[in-house]
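Here the structure is laid out as structure tokens; the discussion comes afterwards.
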Amino acid sequence: MDTHESELLQKAQLLKPQLIKWRRDFHKHPELAFEEVRTSEMVAGFLKSLNFDVKQHVGGTGIVAFLRGDKPGKTIGLRADMDALPIQEQNTFDFHSINSGKSHACGHDAHTAMLMGAAQLLSTHRPKQGNIAFLFQPAEEISEGAKAMIEAGALNGIDVMAGLHINAGVDLGKVAFAGKVGCGSTDFFSLTVIGKGGHAAHPDLTVDSIAVTGQLITALQQFASRQMDPVEPFVLTIATIQGGSANNAIAPEVKMTGTVRTLNPELRETAPQRIEKIIQGVTLAFGADYDFQYTFSAPSIINDAQMTELAERTVDITMGTGHRIKSKPSLGGEDFSFYTEHLPSVFFVLGAGSDSIARHPNHHPKFTVDEDALPYGSALLAAIALNYLDTETSSL
């Protein structure tokens, strides 16, 4: 096992110029959710050149490709997301986005390039038994791509999944594992507080929707800080507020939107009812009405213990001791979580921050990564796949 891992990392380093070329091409030509036509065609063409079994248009612009072993056996899936964000890039390097208002500000260009690199490596390390599936997924940023691919049958015949996310906030050469819960659930709500408009000189003849909204925001934040267990992460954010049109008129209604994030599935399930109970109480107290809509989006990533142990061991052997670190779960959403609802899976963070780049958080208009991280990602994905199949074969 050690031999092919060492060889994979060495070969991945030799692939670095190609990995950088792919990543910069995708970075220069970002495409939004379900619009990844150019990206998908480029990926599919490459996979076909490796003589993989390639299925296109899976869940929209998604791709599922299979590298089949010499003998039948288990199948591990490796996933990369392809979509960009509706953010105007502020970087000025020569491969900055040429698509106005769109940029790869979350590293999906790197994810796609690294999984292509893993495919290249594995094409010359065909498993003796079992198969490897490569899932290139659209629309992660709107939490719809994984669901669309699953509904289209992308997981058919796959036994386990593995994926990663690049992060410039983690040092280059480090690989972070968060434990059982990899990230928080991310759900959304919209709320309209319905009052009664009128002249600002006669508030007694109105129901002031803005004043009611102020009370409601306070009540919701008190709910989050005083009715939730303080050791259980739970964040309720009011993100937008729209109300009023004149400085001498009381607004008839206020619209707001927000998110609810938690690591606890039970809290997630009960949150809509508990939030609406508060909305009911506050609006009733002040004579207002409301319209409340709540949308469950991406659940928490739940990492499988055996898959996590396999991935951690792979990092230690591939990169050496001292490269694997423990991290806290993030409350940021990641729709890889839908795969973890169906199959034993592991998801980890690949460090790509160094002094050679300006470090910015994901979704920042100047986000970028140290491209020295790309060979690590390709080698780790390939090694995890081979280790899983080796383990399954040896247990038969």
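Cβ atoms here come from the backbone N, Cα and C positions, even for glycine.
Annotated Mn(2+) binding site per TrEMBL: Cys106, His108, Glu141, His165, His363, in sequence order. Positions annotated as domain 'Peptidase M20 dimerisation' by TrEMBL: 189-280.
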- Reduce the DSSP letter at His108 (Mn(2+) binding site) to three states and note it down. helix
- Query: Which chain-mates of His108 (Mn(2+) binding site) that are at least 6 residues away have a CB under 8 A from its CB, listed by sequence?
  - Reply: Phe26, Ala80, Asp81, Met82, Asp83, Ala84, Glu140
- Chain-internal residues, separated by at least six, CB under 8 A from His363 (Mn(2+) binding site): Leu85, Ile87, Ala105, Cys106
- Message: What is the set of residues, excluding Cys106, His108, Glu141, His165, His363, whose C-beta falls within 8 angstroms of the centroid of the C-beta atoms at the Mn(2+) site?
- Response: Asp81, Asp83, Leu85, His104, Ala105, Gly107, Glu140, Asn362
- Taking Glu141, His165 as the binding-site residues to compare, which has the smallest set of other Cβ atoms within 10 Å? Glu141
